Amino acid sequence: MSAPFEERSGVVPCGTPWGQWYQTLEEVFIEVQVPPGTRAQDIQCGLQSRHVALSVGGREILKGKLFDSTIADEGTWTLEDRKMVRIVLTKTKRDAANCWTSLLESEYAADPWVQDQMQRKLTLERFQKENPGFDFSGAEISGNYTKGGPDFSNLEK
């Protein structure tokens, strides 16, 4: 299985006025639609452990305190096809129990259905990581999957 889990199974995006955001166990992805023809020099992006700010052509698009902490040194942004800015943030808490319910503390919350789908996806990703010989990319999950699902780590092998 060479492709990452999210490439095989898809992502659960949360739509916003400027684009969308989604998450994996380890990262949060922010995709911002910008005017076609935007150049990298038109973009100002500030990434800190708990804050993000993005302006394009002097117009503020996104600014605020993140839902949870990230590793500031590992955050990156790219301009893709001169029409989309992709920001990738690395979570400090990288487990299925750490499902972000919103991008910022007070904005861009996922609705309850999307939150549920995000939690299911992170739990399946956790199972994939714990059982690399199996392919969970097309699996469905029900039952106890909130907060990362059941903990089997202390069962006898």
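We number each residue from 1, going along the chain as drawn.
Cβ coordinates come from backbone N, Cα and C, glycine included.
Swiss-Prot lists Ser2 with the feature N-acetylserine, giving a large-scale study or a structure entry as the kind of evidence. The domain 'CS' annotation in Swiss-Prot covers 14-104, and the record cites sequence analysis as its basis. According to Swiss-Prot, the feature region 'Disordered' maps to 134-157. Per Swiss-Prot, phosphoserine is recorded for Ser142. Residues or ranges marked as phosphotyrosine in Swiss-Prot: Tyr145.
For the domain 'CS' (14-104), the model's average pLDDT works out to 96. Residue counts for the domain 'CS' (14-104) under DSSP, helix first, then strand, then coil, are 6 helix, 50 strand, 35 coil.
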